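Marked as coiled coil by TrEMBL: 104-198. Among the features that TrEMBL reports, domain 'CS' is placed at 3-87. If you look up TrEMBL, you'll see 366-399 marked as repeat 'TPR'.
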Amino acid sequence: MPLHVSNYSWQQTSTAVFISVPLRGVSVRDADVFCTENYLKVNCPPFLFEVFLYAPIDDESSKAKIGNNTIVFTLRKKEAAMWETLSLSGVDKEMMQRIREKSILQAQERAKEAMEAKAVARREDQKYTLNVMMKIEEEERKKIEDMKENERIKATKELEAWKECQRKAEELKIIQREEKLYHQEKQMEEERKKLKHKCLTGNSASKNLATKGRNSENIFFEKLKEDSIPAPRSVGSIKISFTPRVFPTALRESQVAEEEEWLHKQAEAQRAMNTDIPELCDLKEEEKNPEWLKDKGNKLFATENYLAAINAYNLAIRLNNKIPLLYLNRAACHLKLKNLHKAIEDSSKALEILTPPVADNANARMKAHIRRGTAFCQLELYVEGLQDYEAALKIDPSNKIVQNDAEKIRNIIQGTELESK
């Protein structure tokens, strides 16, 4: 049999009612508070406090504070007026039962509406996420196809150029060989004419001359043979100079095209400046630099002034929308402010600019994946969040923090699947 609490006190204003209910040994864990617009109940075994309110209240804005063996209620009135009493007078047991049942039905309806609203919001979030992922996948697929086509065209051109060089080299060798044979034949023809002219002087002389002619031919061929032998190579030292590298990694032929494209995009981003903005009129010259605005936003972020940091990044992006770190830092601000959809959009835009993937932008790509995955997880879209964390691990497989976070997300997904079963 519960003990009904009757030694409570209450005060009121025109807009609120304050009730103080003393309960010995009360705690947040043990107290069960149920409140609707006409009914208030506190069940804290073995104590029970129940009141049928004089007029309706706004139960959503009302509050209860538990501490020091007391529960203090702050009830907001729906209509500003002074109550004659706290509870209705002349309430019999049947009427009390009706009020209780009506209050329970109202609470159930509100809970049902809240669950439906949450389900609708979750479906909308899933739909939005699906659209974003489909768009990202389509863009990535198109980029991969474009890159493949460009590589094919480039390889075809290089092969044609190499074939042309080989053809010209062969033609040059044939021409040089023919010229050499022509000169040799011409020299031999002149020698034969000289020998034939000498043979007309006499048989004996002719024989001697023929012998001499043969000896001359041997001398001539020996001379040609000596001329064809190259001279000995001189002794010396060879100096080797290496081309300076922008990237920290060693040069690989498979990454040359991607690195050159990334450097080209960075150079274009530095040149792309939009100065036709009205807000720039009152700024100093150094304040019109996107890098200065980025540093300013970073300092504001460090002081937890996230809205001001977003304003700085916004102006920097309007000046130059090709710098990926601006979108990446703005995504971090949106995460702090729980603007999760905007954080996903900014992270996706940063990944779009951070192409092609090279060693110089690996750290920025990993941060973009982690921030987008964090936003997905806070929207309870754990499968999409895990995909981004796994993409970050592909960039840096030895990162223990990312490994632990990914494992936690997998456990959440497995626990959700078990509950659904």
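From the backbone N, Cα and C atoms, a Cβ is placed for every residue, glycine too.
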Key: Averaged pLDDT score, the repeat 'TPR' (366-399)   = 94
Message = Treating G and I as helix alongside H, and B as strand alongside E, what does DSSP give for the domain 'CS' (3-87) in helix, strand and coil?
response = 0 helix, 50 strand, 35 coil
Query = Per DSSP, how many helix, strand and coil residues does the repeat 'TPR' (366-399) have?
reply = 27 helix, 0 strand, 7 coil
